[in-house]
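Peer 1: Features from TrEMBL:
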{"type": "BINDING", "residues": "B:269, B:273, B:299", "note": "Zn(2+) binding site"}
{"type": "ACT_SITE", "residues": "B:270", "note": "active site, proton donor/acceptor"}
C-alpha cells in the first residue's frame, strides 16, 4: 500500500471514529432524557440532540468523506485494505450515497413534520380520533413515496424502506415468508382460542413488591451473563436497551406490582439486546461496524432470551424457587407445571405490544401488508381504519371498537418509520432458526438451563452472532449458521409444538 | 444596521449556540461519569469527551469565528448591537484572542501531561511521596511560565492565570486583601484554639441513616427554592453542582452515617451553586453568557447558603425539630444552643477541604503565596514541602507530619489549575459583602429564616447576582451592589463576632 493510501485510510478511520464519538454523546442524551432528566430542561436538550445529529449527518456526506470513500473504494486499493476497513468503507459508502440523495432542506422539513406528527398522534390516540392524525400521516406518506424514488429501489418501492432496517430482505422474500407464516398461524390461533384446557392465571396478578421484583431481575441478569461492569439497570415507562459505547450498554425495565411478568420478561428481553452489544468484537470499537447488524437480528437476540430461555420449563425449574423466595407467598399453592402454563397463555388481542409470541407475528404481517400497499399507492391513508379492522378480524378474530386500540396504537408511523415493523417478526423467525441449529450444537441445552449455566449458550451466540457486529449482513449471519436462508418453518414448528402442549390439543 | 451585519450577527449567534450545545453534551457526559457510568466504559467515554472538547476549542478559534468577531467588534457596528450581543462578542473575543496564542500541539501535549500527572499525583498522595510527583509538577510549572508569557499580562505573570478564574482581580488586589485577612485571622484562630469554652460535639457522630438524611436534605432543598423540575439530587464521592443546561442544574451529595453534617452542609452548599445557574436570565440561554461570571462569585453563592443560611441560629430555630424527627433520638438531650455551637466548631486543621469557615481562607492564602512565587520563579518545585509546612505552622499553628496531608493534598496542581485557589477565599469575601448589604435591604432576614421563608432572600440574590450570568464581571457585581470594591472587612467582622460568641471570648 503506498503511503498516500495509508494516510487516507488513517484519516478515514479518524473521521468515522469522530462520528462514533458524537453517537455516544447522542445516545447518552437520549438515555438520560428517558431515565430522569428534569422536565424543564427537555426543550433545550432536544435542540442539542438535533444540533449534534445534524453534525453527524453533515460529516456523513462531507466532501472529506466523499474523497476518502472514493480513494478507498478503488478496486486496486481494496485488496490492500484490512477486512475491517473494507467493511467500514462499504457501510459508510452506502450511507454516503443514500444521504447524498436527500436534499438537506427537505430532510429538515421532514424532521420537523415527524416531530409535530408525534404530538398529533399522541393526542389522536388518546381521543381515538384518526381524522386528526390523518393529515400528518398523509404528508409523511407523501414524503416517503418521494423518498423511495430519490433513493431508488429494485422491483418494489417498499424495498427502499426495508433496506434501512433489514438490508437484503425484500418484498419478494417477505411475501413468501409472511404468507407461509400467516397460513400456519391463523388456524393455530383459532385452535388455541377454542381449546377447552385454558390455563389458570389468577395467581399471576397478586401484589409483588417492586423492590423484590428488582432483586429477582438482578439475580436473573447475572445468571444470563449481563455484565454489570459494562452496564446498569434503570426504571423507565417504556423499557429499552441503549448502547452508550461498547463497554457501556444499559438496560431499563418497568415494574407492575400487579403483574410481575412485565418486569421479568421485559428485563430478560432487553438483556438479550444488551448481550449482543456487550459482546461485539473489541476490534470494531470506534467503527460504524460496532453495532447490531439489523433490527431483526437484534430482535432475534432479545426474543431468544425472552422465549427460548425465559419462557421455558427448564429455566423455571431452576428459578421458580428463587422467585418464590422473593414473592410474598403468591405461588405457595401453585405447582411448577401450573406456573409454566400460566406464563405461556396465548391468544388473540388487539394491542401489538401486549401480544404473546404465538400471535405477535400476525400483528406484524397486518402492518407489513398495509405499509407496502401505502407506499405503492395501492391504498390511501383515509382507508386505513377500515382495512386495519378487517384484517384484525381476518387474522386474529378480534375487531377494535375504536381506532385508539386499532390503527392508532403504534408510534412508528408518526415518526416516519415505515419499513421497521417487519423486523420484529423477522426476529422471531431468525431466533427460531438459531435455536434449531443450537439444538444440534448444544444437545444438553435444557440441562444447562436447569443448572443455571447459561455460559455455553451465551458463548454460542457470541461466536455465531454477537462478535460480528455489522461485519456480516443479516441473511449472511443466518446462512453461515444454519446453511440456509430465511425459513419460517422452525418458528411454526416451535409454536405448534409448544402451544399444543400448553393447551393440551 | 445594514443587512449584511444582521446576517453576520445571526451567524455568530448560531455558532456560539452550537458551541453551547456541545457544552451541554460534555457536561452531561461528566455528570454521568461521576454518578454511575459503568467502569468499563470510562476509557472510551474519556476519548469522546476529548473529541467534543477539541471541537469546541476549534470552533472558538475558527476562521469563521475570527471573521464574525472582527466584523462585530468594529466601533461603527458596536452601537447598533444589542447589549447581549455586545457582551457575547466581548466574551468570545477574549477567548478567541487567548486561544489563538496557544499552539494547538503544545496545548495537546499539556492536556496529556496533566492527565498523566493526575494519576501520578494520586499515587504520590497515597504514598506521601512528593519526589515522585515533583517531575510532573516541574513540567506543569514550566508550561505555565511559558503560557503566561505567550498570553501576556500586566505587572505580574500570575495575573494571566488569575484572569482565567477571576477576571479583574490581580496580584495587587489580592496582596492587599489577603494580607489584611491573614493579619486579622491568625490571632482569631489562636484565640479560638486556646478558648476554655470548647463546644461539646460528641452527639454529632451518632448513627444517622442515609435514607433519613436524604429525606431531610430534600426538605431543605425545597425550602431553599431549589427547583426540582429543573434539577435532581444524586449521590457521589465528591459532591458537586453540574449545569447540563439552564433548566437542568443537578446537584450531588454524599452521606456519612457517622456524621450527618457532610450531607446536609454539602447539599446546602451545592444548592447555592445551583440556585445561581437556575436563575440566570432566560434571555441568555444558548449564549456563552449563560454561566456564572467567575469561580469566586459562584463560590460566594454556595458559601452564602452554607454559612449565612445553613449555619445560622435562625435557620436551625426553624429546622432543628425537623432534623430531630428524621434522626433516631440522636439529639434528644441536646438543646438548640448546644446544637448550634456544635455545628460551628472551628479550629486549625491540616486539610483544606475539611476546614471550617474561620480557618479556610488561611489555607487559601498559603496556596496563593506559593503559586505566585512559583510562577514568578521566586521558588522552585523542590522547595515546596518545606515552604508549605513552615507556612502551615505560621498561619495555623499546625505542621503536617507527611506530604500526603501537606503539599500533596489537593488535586488542582496536577491538573495545571494554578490561579484557581484564590477564588475560594474570594467567595467568602464576596459573600460577606453581599450579606452586609442584604442586612440593610432585608432587615428582617433572621425572622425570614426562622419562618422558613427563603423567597425574599433568593429573590434578592437573583435580582442582584444570578440573573446577570456573565453580563457583569465579578467586581462589577460587587461594586453595583455594595458601592465599593473588594473589601475583606465584612468577612473579618462576621467571623470575629460569630466565633467570639460561639467560644465565649
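Even glycines carry a Cβ here, placed using N, Cα and C.
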Peer 1: Return only the integer: C-alpha distance in Å from residue B:299 (Zn(2+) binding site) to the residue listed as 'active site, proton donor/acceptor'.
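Peer 2: With the alpha carbons as reference points, the distance is 9 Å.
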Peer 1: Enumerate the residues of the same chain, B:269, B:273, B:299 excluded, that satisfy the criterion Cβ within 8 A of the mean position of the Cβ atoms of the recorded Zn(2+) site; list them in sequence order.
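Peer 2: Neighbours within 8 Å of the Cβ centroid, excluding B:269, B:273, B:299: B:241, B:270, B:272, B:298, B:301, B:302, B:303, B:305, B:306, B:427.
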Peer 1: Which number gives the other C-beta atoms within 10 angstroms of the C-beta of residue B:273 (Zn(2+) binding site), all protein chains shown included?
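Peer 2: Step by step: centre on the Cβ of residue B:273 (Zn(2+) binding site), count other Cβ atoms within 10 Å, giving 22.
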Peer 1: Run through the Cβ atoms and count how many others sit within 10 Å of the one on residue B:269 (Zn(2+) binding site).
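Peer 2: So the Cβ neighbour count for residue B:269 (Zn(2+) binding site) comes to 24.
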Peer 1: State the count of C-beta atoms found within 10 angstroms of the C-beta of residue B:299 (Zn(2+) binding site), not counting that atom itself.
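Peer 2: Taking every protein chain into account, the count is 25.
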Peer 1: Quick one: give me the count of other CB atoms within 10 A of the CB of the residue listed as 'active site, proton donor/acceptor'.
Peer 2: 25
